[in-house]
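J.: According to Swiss-Prot, the protein has these features:
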COILED    171-255  coiled coil
DOMAIN    273-341  domain 'Collagen-like'
DOMAIN    350-450  domain 'SRCR'
CARBOHYD  82  N-linked glycosylation site
CARBOHYD  102  N-linked glycosylation site
CARBOHYD  143  N-linked glycosylation site
CARBOHYD  184  N-linked glycosylation site
CARBOHYD  221  N-linked glycosylation site
CARBOHYD  249  N-linked glycosylation site
CARBOHYD  267  N-linked glycosylation site
MOD_RES   27  phosphoserine
REGION    77-109  region 'Spacer'
REGION    267-346  region 'Disordered'
TOPO_DOM  1-50  topological domain 'Cytoplasmic'
TRANSMEM  51-76  transmembrane segment
């Protein structure tokens, strides 16, 4: 019995060594969830994912099948060795059992029963091994299918969330593109409006500049005419004062002669006879001429102070008065800093060339170290007055155009100079630009100043 138990344990050990791993592809594909019907793109992605998963399974099977074959061969070799050992042990037992009585029938029956029992035990062991392998395979594949199903569901959930987020981002991008298109259209409209507004503003500014230039010309002309009228008024006032003085002298002489004649008439005495009878009243004669104005009577007493009248309009600006007497010399100032030692004599930037004297000639101006002429466009009295005043003359007598004092040889520096007549030099007037090519030296301007 001990040998029987030892043989039975060895048989169980040899059967337990023959274990193998089997994979069922149909069960795996059956456990996969159906295709989701979200959108064509998602279905295509899922199909591609399925194909990749199947390819991965095939690759795993292609790698594992040779390994399983090699392991099975090794196991078969080891199993055959164990089986040969167990068979030798069994033969030894049978020989030991049958050695006592080869001719007895009980031994034959025992051998037959033993063989049947051994075959039944082998069938049961094989059935148990098959059941164990199937159970292990089903549990392994169930766990694997559950994990793969869970992972696949997670992947589907992630894909659905990703697809929803992509759709949300796509909708946001569409809205942003629409807003950008509307913003672009509004910007284009705004740009067109700005361009139209700029064009209108430029037209209005150009018109206003033309109107301002016309008004400036009118103001210049009016100011020149006013200055000329003021000068004429001064001359007329001086002439009228002289005439009034002459008339006063004449009236005084006439009054003196009249008084002398009246005195001589009073001294003449005539012999008169007796008065005759009064004659008839004659007709009224014509009104005689008014007599000479009598001498002014004595100044009467001052009257009462009247009420203060309303403030009158401001009068015109009077002529500049004569220079006053020089004041007393002030206190001595502080000692200044030492200079560089170079003394520069002041020089004028305007000169008159080609005239009969220094007070008249062609006007030339110094610019950039070179003397040049001035074109006679808009050359008027007020510009000549500024030129004469800058040269130290009291006023202008006449302005000349068309190279009256001859043509110059240098560059033509200025053209269309605008002055009010109150500037101290021609550089303070309105100058468009230095250097012009729109004129020639046949249009050089000149001036004659008053002495």
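Quick reminder: no glycine exception, Cβ is built from N, Cα and C everywhere.
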J.: Please identify, among the glycosylation sites 143, 184, 249, the one with the smallest Cα-Cα distance to residue 221 (N-linked glycosylation site).
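T.: For residue 221 (N-linked glycosylation site), the closest Cα among 143, 184, 249 is found at 249.
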J.: From the DSSP assignment alone, can you count helix, strand and coil residues within the domain 'SRCR' (350-450)?
T.: 16 helix, 34 strand, 51 coil
J.: Using the structure shown, find which entry in 143, 184, 267 (the glycosylation sites) has the sparsest Cβ neighbourhood within 10 Å.
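T.: Selected from the glycosylation sites 143, 184, 267 on minimum Cβ neighbours within 10 Å: 267.
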J.: Out of 221, 249, which has the highest number of nearby Cβ atoms, where nearby means within 10 Å of its Cβ, if these are the glycosylation sites?
T.: 221
J.: Considering Cα atoms only, can you say which of 143, 249, 267 is the nearest neighbour of residue 184 (N-linked glycosylation site) among these glycosylation sites?
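T.: Out of the listed candidates, the nearest Cα belongs to 143.
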J.: What's the CA-CA gap between residue 267 (N-linked glycosylation site) and residue 249 (N-linked glycosylation site) in angstrom, rounded?
T.: 28
J.: Hey, how far is residue 143 (N-linked glycosylation site) from residue 249 (N-linked glycosylation site), Cα to Cα, in Å?
T.: 149
J.: If you average pLDDT over the region 'Spacer' (77-109), what do you get?
T.: 55
